[in-house]
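Chemist: Got a structure for you, questions after.
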Amino acid sequence: MSLDSAIIRRLRGSSDLLTVASSHAALIKSGALTASVFNHLINAYVRREVVRDAHKLFDEMTAPDVVSWTSLMAGYVHVALPGDALSLFHYMLNCEARPNAFTYATAINACSRLADLALGRTIHARVETCGVRSDVVVSSSLLDMYGKSNEVEDARKIFDDMIERNVVSWGSMISTYAQNARGHEALALFGEFLRASSSVSLVPNHFMFSSVVNACASVGRLGLGRSAHASIVCRGYDSNEVVAGALIDMYSKCGSIDYARKVFDHIECPSLVPYTSMIIAAAKYGLGSHSLELFDEMIAQGVKPNSVTLLGVLHACNHCGLVDIGLLHLNSMRDRHGIAPSTRHYTSVVDMLARAGRLDEAHELSKQVKAEGDDALMLWSSLLSACRTYQRLDIASEAGKRLAEFDRDVAGAYVAMSNAYVAVGQLESATRIWAEMSRRGIRKEPACSWVELKDVAYVFYAGEVSSAGPRQVEVMELLKELERRMRERGYVGGGNGWGLDGVEEGEEGKGVMVGVHSERLALGFGLISIPKGITIRVMKNLRMCKDCHEAFKLISDIVERELVVRDLNRFHLFRNGSCTCRDYW
């Protein structure tokens, strides 16, 4: 073996910058700086994330080849400088070296990092004309870019047109569905992958499993989530912090906070992701003190929080009414943790102040925050919801007008305004709101609730018990009996458990016999179908009404069972006649 070959071999195996620098010096001394040697050096510096030194070497080359260009571009993407990578790509197009499939894939990845969909489409068009579209690496990069840009249909078209698919392309498409609130499609595609993998020897990786677990969380499928967890353990991915964080999130969102804690406790040295996931999980269950204890423990362990962690801390204070503590955390974010509060942090604080009845402070903060898009929608929705509770029509009117400007969820704004009018006895104004909704053809999303039984979700709508199949009569008889026993204990709400379902917080219209609330139907089916001793978990797409919340507390004591409800905003764990939210929600 020649001296130059020995040096290059050492360069390939280098694990520190000193070895790279000494090998570089030795190669200069030997005078063996060919294009191939330059490329080895560029790659070595890129691996050590010293991209500027790699670029200096690149500039010394008389005729960089495609490997030189692509290696340096990949280095810039790796160190989070995708703009520099794309500058190189555009410069390369006017040079002698021609991009290959890996060059295009790297440029597409850079567009994905920058969230520059327009430029990504331009490069996609060039890919089609250059004949590298069929390359699995290029197609996977395109799929990932469209997925991260929330262009689900474009991503699916790329996936469907792929001649060859690897675990990365399957994982990217599953992730795209999971990240765009299409969990059912993500799980269906994972099922296709499992069937296809038996013939082509594809093995799911930790990235795919985390997406599958996230999909289970989004649709509340605990059974499938547990099955995925078992496969994760079998393949040894349970120690991966991203997977562990996804499992904590899944168990908490599927109404199993105890299992979420078990996953967390199994981690020997929790890092940022598991700590953040557990803090948020506890907050959603109204376990604010536990969230704050975890946060203090995290800081004591030297784990630096990020903006999401601090958002979880604010949520914990919000859901437990710890307003002053929440304000202290908000005001110390920058000085103590070096993190500037974002619109999402301020929105959480607006909601926290409004829930606590400090509406003037919440209103003033809302006007100061420069929120746009979804952030503004969440901010003014939070304020409007509290206005009904505290009968503040003056603020409700402004919040309603702000929300009416949005193209989506206009129905929510109208319904909340109607509730505010009803709360202060202005029924004519409420009627005008509903008439305007009818005139404009605006409909509120129908409420539905579901329970999972043997990996099958049974979905119930207001007044429709057909999902119970042949056990419909049993469900109705059980609910009537529970209603009788609740009234013996002083329950006065709802009028036989009937009311207008599908609207939030008291929108059911007392005394209007339209249909049994969907969560009660789901609970009734769960009580006759799920063996005693097993927690019944009910998922709902909208906020749980106050009557049902009171009923679930009483029922948990009557039947001596633990009940969990996941609604639009949080979790309620009912046990022995009380709820973990302590009626603060």
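First residue shown is number 1, and so on along the chain.
Note that Cβ sites are derived from N, Cα and C of the backbone, with glycine treated the same way.
Pulled these from TrEMBL:
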type   : residues : note
DOMAIN : 500-585  : domain 'DYW'
REPEAT : 65-99    : repeat 'PPR'
REPEAT : 135-169  : repeat 'PPR'
REPEAT : 271-305  : repeat 'PPR'
REPEAT : 342-376  : repeat 'PPR'
REPEAT : 410-444  : repeat 'PPR'
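Tell me about the surroundings of these features in the structure.
Modeler: For the repeat 'PPR' (65-99), the residues of the chain that approach it from at least six positions outside its boundaries are 35, 38-39, 42-43, 45-46, 49, 51, 54-55, 58, 106-107, 109-111, 113-114, 119, 130, judged by C-beta separation under 8 angstroms.
In the repeat 'PPR' (135-169), the DSSP tally of helix, strand and coil residues is 26 helix, 0 strand, 9 coil.
Distant neighbours of the repeat 'PPR' (271-305): 241-242, 244-246, 248-249, 251-253, 257, 260-261, 264, 311-313, 315-320, 322, 325, 337, 339, 570-573, 579-582, 584-585; these residues of the same chain sit at least 6 beyond its ends, with a Cβ under 8 Å from one of its Cβ atoms.
Along the repeat 'PPR' (342-376), the predicted structure has mean pLDDT 89.
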Chemist: Please count the residues of the repeat 'PPR' (271-305) that DSSP assigns to helix (H, G, I), strand (E, B) and coil.
Modeler: 26 helix, 0 strand, 9 coil
Chemist: Per DSSP, how many helix, strand and coil residues does the domain 'DYW' (500-585) have?
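Modeler: Final tally across the stretch: 25 helix, 18 strand, 43 coil.
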